[in-house]
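Note sheet for the following structure.
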Amino acid sequence: MWPPSRRQLCLAFLLVCALSAFSFLLHLHQDLFRNGLALSLPCLERQPVPAPVAIVCLPVTSPASNASSCAGRPAAPSGIWTIHPDGRFGNQMGQYATLLALAQLNGRRAFILPAMHAALAPVFRITLPVLAPEVNRRTSWKQLLLHDWMSEEYSRLEDPFLKFTGFPCSWTFFHHVREQIRREFTLHDHLREEAQRLLGKLRLGRTGARPRTFVGVHVRRGDYLQVMPQRWKGVVGDRAYLQQAMDWFRARHEAPIFVVTSNGMKWCWENIDASRGDVVFAGNGLESSPAKDFALLTQCNHTVMTIGTFGFWAAYLAGGDTVYLANFTLPDSEFLKIFKPEAAFLPEWVGINADLSPVRTLSGSWRPWRFLG
């Protein structure tokens with residue numbers, strides 16, 4: 001019998017090694033199954049999809065450093081801030097904008113309550129998340145009543161669970177983030193397009209020409225007719241004021257047209273002079289559904305406002321020139337304790353003084369009664 005050659009010995013050695021390796025893997029696989037584990041091979045037909053990962057940056061415990069263990073990532077804001085929705089459309093716009101600005105200023109997360117979302121979301125592309133009712137009920141809130149102008153104390157609020165109340169609507173809260181506010185209050189396309197279609201059909205009555213400038217006019221009436229004189233010793237915009245405001249635009253803009261909206265349209269028809277053919281009574285005046293009137297005003301180039309937050313926001317978002325009713329209360333009005341004109345109207349806006357003679361007469365008739373009792 002011939003002794004095995006060197007080649008045969010090498011092949012036999014390789015066969016033994018292969019059998020040993022296979023036996024080792026087989027035992028390893030059985031052990032893994034016995035301990036409740038399983039090996040799986042990646043599917044070659046498709047790439048694995050990574051699951052969402054939440055990264056939490058823990059603070060470094062070293063006293064020599066204040067940095068986060070996740071370099072370059074700012075710490076996530078803690079706590080929850082919200083605001084109690086109160087009042088009508090313009091009030092809630094002011095509350096939304098103030099909440100957003102103050103939360104950012106203090107590094108907190110802002111949430112709105114469902115009622116505010118229901119009021120604003122059908123009109124605007126707002127982005128603040130909605131706070132679940134259960135979370136609202138179970139949270140131990142610190143409540144803070146805001147006055148209607150920015151104060152230094154509001155820039156260093158430390159409560160992590162804060163619920164604002166009040167009716168803030170001052171540009172001093174949010175004007176530094178104006179472009180962000182304008183994005184939040186972007187109209188939905190169907191509202192913007194409907195308003196632009198209506199404006200595009202307007203013609204000047206005397207010439208039939210297309211107007212070159214659109215001036216939105218908002219005339220606030222309704223409950224203010226009683227509230228202003230009886231509670232605040234003030235007035236609303238009257239016929240003379242509106243005439244002055246419109247003449248101001250006629251003197252500065254060629255071929256303007258005035259698009260009037262109001263919650264008192266009958267009064268507007270009777271008191272606004274439309275004989276020049278440059279006035280259109282376009283609003284529906286429905287306070288329960290303000291979207292169409294508001295969309296019309298914001299799509300105009302300029303604004304005439306009387307008083308109220310609805311007119312303020314229409315002017316703020318429209319941009320351009322704004323004429324407003326100035327000094328509409330008596331100097332001793334309690335209203336001036338909660339309202340600062342310099343914080344309510346932008347410095348570049350133009351004020352026309354109100355005629356206070358009606359409320360002076362009314363105030364004079366009250367004066368003798370102050371000394372009784």
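Note that the numbers count up from 1, one per residue, in the order the chain is shown.
Every residue, even glycine, has its Cβ placed from backbone N, Cα and C.
Look at Swiss-Prot and you will find Asn66 (among others) tagged as N-linked glycosylation site.
Of all Cβ atoms in the protein chains displayed, 18 besides its own lie within 10 Å of the Cβ of Asn301 (N-linked glycosylation site). Sequence annotations record features per position, and here Swiss-Prot assigns N-linked glycosylation site to Asn301 (among others).
Residues or ranges marked as N-linked glycosylation site in Swiss-Prot: Asn327 (among others). Neighbour density for Asn327 (N-linked glycosylation site): within 10 A of its CB lie 15 other CB atoms from the protein chains shown. A coil conformation is recorded for Asn327 (N-linked glycosylation site) in the three-state DSSP classification, outside any helix or strand.
Positions annotated as topological domain 'Cytoplasmic' by Swiss-Prot, on the basis of sequence analysis: 1-12.
Residues or ranges marked as topological domain 'Lumenal' by Swiss-Prot on the basis of sequence analysis: 30-373.
Annotation comment: Swiss-Prot describes 13-29 as transmembrane segment.
If you take the Cα of Asn301 (N-linked glycosylation site) and the Cα of Asn327 (N-linked glycosylation site), they are about 25 angstrom apart, rounded to a whole number.
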